[in-house]
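Noted in TrEMBL for the protein shown:
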DOMAIN    10-211  domain 'p53 DNA-binding'
BINDING   Cys85, His88, Cys161, Cys165  Zn(2+) binding site
REGION    208-239  region 'Disordered'
CROSSLNK  Lys214  ubiquitin cross-link
COMPBIAS  215-238  compositional bias 'Polar residues'
Amino acid sequence: SPPTGTIPSQEDFTGPYGFELHWMNTPHSRGGYVYSPLLKQVFIGMNNILMMEFKTTVEPDLGFYIRALMTYTCDDFVCEPVIRCASHALEDDPRQEAHARGQEQKCRCANFKNVGHVMRCSLAEAEYCYDIHSERHSVRVPVRRLQAGTDFIRVPYSFSCKNSCPRGMQRKPVQIVFTLETEDGDVYGRKVLPIKICSCPKRDKDRQERDFKKAQQNQNWPQSSKRLATSSVDSQQPPDKAIKMEESNFDDSQNAEEKPKHRRQVTVHTTITDHDSYQKMLTRISNLESSTECHHQEVMDKLDRIERLFHDFQQRQ
């Protein structure tokens, strides 16, 4: 199947040319992007440049391309194309002519500042592509001869929408599938990079790393605690486990160290509580926090757009 098909492959494939990718990490640059080694994910702001560096152990012949295709990581949405939200798309295509109704097989994004492409490339030779069958947008650049003294092919990318945009990605996790391919679409290498386009890359990176570590702790905690709770419980008992305890009756006149004359069995019923309820509570709190931040950012974006429109109106006056 073509690299832009309905279900594009997402497995890393070094291939015969030793296709690898690198990026220049800028952890302290304001409004730039950061990379999380723990999550193996890039966090970047909208319209900021992501400078990718591609390397091959064998220099490919002329006629090869590097394609960048955005896909959803979740299996529930793997067949859906990643599209721009209506709010940002209307800024470049107010009448929605790029993909007019009834003419879905024709892509006129090039006439409207590549309106349908979430991922852009700053190189002049970049080619913006559209698959009429999968309705996926992608961008590819030709592989040129390496300059003297360099081992990398550097390609700058940017993004025109955020993960939190409503009627767009809608907070669904996304990734970039980079492929080394021929002009006909034969793939000779593939690398996948998870990415999140957001307003505060460092803040989101730190928060997701904390959530990831917390989830790992929650996965390790119930195993030991559950073994401790069930160590004295018969596995054949129903959910309300019966724990057998022994109670001794002593005669007040006897020595305290003397063994009891008789014993009677007391059965205490208790229910073993696992960690599921606590984990669900933490998940709800995390989702609520993310939803609140998303709503706040949407309001700020709308205010920024209103301010720009008002500024343009004043200039026209």
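Note: Cβ is positioned from N, Cα and C throughout, glycine not excepted.
Recorded features from TrEMBL, shown on the structure.
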| residue | record | DSSP class |
| --- | --- | --- |
| Cys85 | Zn(2+) binding site | coil |
| Cys161 | Zn(2+) binding site | coil |
| Lys214 | ubiquitin cross-link | helix |
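Close to Cys165 (Zn(2+) binding site) in the fold, though at least 6 residues off in sequence, lie Arg84, Cys85, Ser87, His88, each with a CB less than 8 Å from its CB.
Of the listed recorded positions His88, Lys214, the Cβ environment within 10 Å is emptiest of other Cβ atoms at Lys214.
A Cβ within 8 Å of the Cβ centre of Cys85, His88, Cys161, Cys165, the residues given for Zn(2+), is found for these other residues of the same chain: Arg84, Ala86, Ser87, Ala89, Val118, Ser160, Lys162, Arg167, Gly168, Met169. The separation of Cys161 (Zn(2+) binding site) from Lys214 (ubiquitin cross-link), Cα to Cα, is 29 Å.
Within 10 Å of the Cβ of Cys85 (Zn(2+) binding site) there are 18 other Cβ atoms, across all protein chains. Counting only same-chain residues six or more apart in sequence, the Cβ atoms lying under 8 angstroms from the Cβ of Cys161 (Zn(2+) binding site) belong to Met46, Arg84, Cys85, His88, Val118, Gly168, Met169, Ile197.
Within the model, the domain 'p53 DNA-binding' (10-211) carries an average pLDDT of 91.
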